[in-house]
Amino acid sequence: MSPALFSLIDARDKFTAATINALEAGNCKPLTNVFSHLPGNETEKKSTLDQTLRAVLEGQIVKHVDVGDHLSLIYISIGGVTEGICSATTPFVLLGDVLDCLPLDQCDGIFSFVEENVSTWKSNSFYSAGKNYLLRMCNDLLRRLSKSQNTVFCGRIQLFLARLFPLSEKSGLNLQSQFNLDNITVFNKNEQESTLGQQSTEVKEDGMEVEEGEMGDEDTPAPCSIPIDYNLYRKFWTLQDYFRNPVQCYEKFSWMTFVKYSDETLAVFKSYKLDDTQASKRKLEEMQTAGGEHVYFAKFLTSEKLMDLQLSDSNFRRHILLQYLILFQYLRGQVKFKSSSCVLNDDQTSWMDDTTKVVYQLLREIPPDGDRFASMVEHILNTEENWNSWKNEGCPSFVKERPAEPKPTRPSRKRPAPEDFLGKGPDRKLLMGNDELTRLWNLNPDNMEACKSDSREFMPSLEDFFEEAIEQADPANMVEDEYKVVRNSNYGWRALRLLSRRSPHFFQPTNQQFKSLADYLENMVIKLAKELPKDIPSEEIKTGEEEDENGDNLLKESNDSPSIQSKPVTNSQMDEVAAKLGGQWRTLADHLEMKEAEIREIEADGEDVDLQAKMLLVAWQDREGPQASVESLASALRSAGFGSIANSLSQS
C-alpha cells in the first residue's frame, strides 16, 4: 500500500482547528500532535503551519479582538519554534503584522511584550533568524512615532535595540560620523519683528496705568537681571547651527563668526553668574513630577520672552556649555572618515584650549553640585575618546577567545647529582663525561662572558666570503659549474645566513623563480659584484643568459631610492581617488577582491557616491594593512580600466 500524499488544503484545515484548540489550551500540544500525524516532509508541514498562523492572526485583526489574543498566538508560535514544528522567523513575522495593523496606542502594549522577552530573542534559536526582523520592525515604529510627542516610546525602542544587539553590531553605529542636519533650531531672524528692548506698559480697563506693586506677586513677571537685546538673542541661537554641523568650523569665515559669537555668549555667562544655590535646588524640585521623573523637552523654545528665564536657568546653561565641550572634542579628535582638509591651525587649537578651561570653570560655578557635575562630564568625554579609537580601528569584536588551558605536567623526581659533576669537588671542574669536552668547558670560569668576547666574532664580511665566488663567476676564469663553490651545500647554507645579516637584497621581493639554491646564489653574486669595491673584478661578469638581464634590472631597481611601491596610501590620496571614481567605484571593488556583503554594506551606509568610494578604499586598506601600497592600488585601478587615475596616483 502506497504512503499517503501531502494535501495542502487538508493540512491547512487541520492546523487551523489545532491552532484554535492550542489558544484555548494555552500551549502548542494540539499543533504538535497534528504535525506528527500528517504525511509529508517537515519542510512542507512547517511552511503550511506558518501560513496557517498568519491566517489566524489576520482573522483576529479583522474581528478587532483584544491585544491579549494576539499575544497568545505569538506565544503559541514561540512554543512551535521550540518544538521544531514551525520556522524560527514565524514569531517575528506575526509581530510585524500586528504592529503594522494596530494603532499606536495598542502598539505600546505589544512592544512591552517584545521588551519582556528580550532574553528569548537573544537565544540561539531566535537571534540569527529574527534580528533583522526586529530591527526592521523597530525602524518602522520609529518612523510612525513623533520624536516630540512620543519621546518616551522612542527611547524605549532605542534601549531595546541596545539590549538586543552587541556593542560591536555595526548597524547600530554611526560609522561615518554623520550629523543630524535636519535638527534645525528656528528663531526670529527679523530684527523688525523683535519685541526685545521695547518698554510696554500695562493699562487698566479704565485707561489708568498700573503702578508698580498693584499686581499680585504671582502675576508680576520677574525683573530682567540680564540685559538682553536682539543682537545677543540672534548670536546666541545662531550658535546652534555650528553645534548641529561642526564641519562649518573648518571654514575660515564661519570659524571667525563662531569665535565672535561664542566670546560674547560666554562673557554673558561669566558676568551674570547663578549664585543662589538654594533657589537652584528649589527650581530643580519644581521640575520634578509627582513620580520623581524629570521633565524632558525635545526641542529648544526660542521665544524672545523666554530668553531671560533660560539664561537664568542652571540646567539650560549646563546644556549649552556641554554642547561646546562635545563640539571641541570632535574638532580635536581623529575621525577616520573626516576629510583631509578638516585640520585646525595653531591659533584655533589655542583658542579651543583656553575656551575649554573657561567652560569647565563656568560648569563648576553653576549650582547645585557644580564641581561634581563638571568632573562627571570630563570623565564621560574622556571615556568617549576610547569609543572613537575603537571606531577608527574598524570596530573589532570585544569577545576574546579563551586561551587553551595548559595540560598539567606530572612532577618528576630528580636524582641528586654528584658533587664532582657540579663543580664542587677539589678541583672545581665541571665533568662533561669526556676529557676534551671537560677541557673546553672549563677554559673560562664564566662561559657566558667567554661567548661575548670579541674573539668569537666569526661573521666574515661580504667581500671576504664571496671573493672566491665572484672570481669563479668571471667567464675569463673558465670555471665549470660543478666546481663552483656556490654548488657546495655547506657553502650555500652559510651564504644564506650571511646574506640575511648583511645584505639588503636578501629581503627584497622578486618575480624571478630559481630552480635551485645555486642558481639563486649565482644571481646574488652578480648583484654583489657590482656593489663591491672596484678592485674586485666584477665588470666582466656575464653569463649570457636571460636570467642575468633580469638580474641587472633588479639590481638597478634595488640601487634606486625607495620607490613608490613601498609607500602606503595616504588619506589625501584616497580622497583624490574617491572623488575621481564617483559612482564607478563598484567596478574597482571587484578588482580589490571585496566581498558582496561588504559592497552591500557600503551601499546601505549612505547615498553619496564619493563617500561610498572613500569607504571602499578604507575597507580595502583595513583588510590589507601594511600591504595597502600605492603600487597595489594603482595596479588594481589599471586592471579595472582607470589608467588615468592610476597614473595621477603614481605621480602624486
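Placement of Cβ uses the backbone N, Cα and C atoms for every residue, glycine included.
Curation does not apply to TrEMBL; its annotations are automatic.
These features come from TrEMBL:
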COMPBIAS  192-201  compositional bias 'Polar residues'
REGION    192-219  region 'Disordered'
COMPBIAS  208-219  compositional bias 'Acidic residues'
REGION    398-428  region 'Disordered'
COMPBIAS  399-408  compositional bias 'Basic and acidic residues'
COMPBIAS  416-428  compositional bias 'Basic and acidic residues'
REGION    537-572  region 'Disordered'
COMPBIAS  560-572  compositional bias 'Polar residues'
DOMAIN    570-652  domain 'Death'
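Under DSSP, the residues of the compositional bias 'Basic and acidic residues' (399-408) split into helix, strand and coil as follows: 0 helix, 0 strand, 10 coil.
Residues in the domain 'Death' (570-652) partition by DSSP class (helix H, G, I; strand E, B; coil) as 69 helix, 1 strand, 13 coil.
Over the domain 'Death' (570-652), the average per-residue pLDDT in this prediction is 83.
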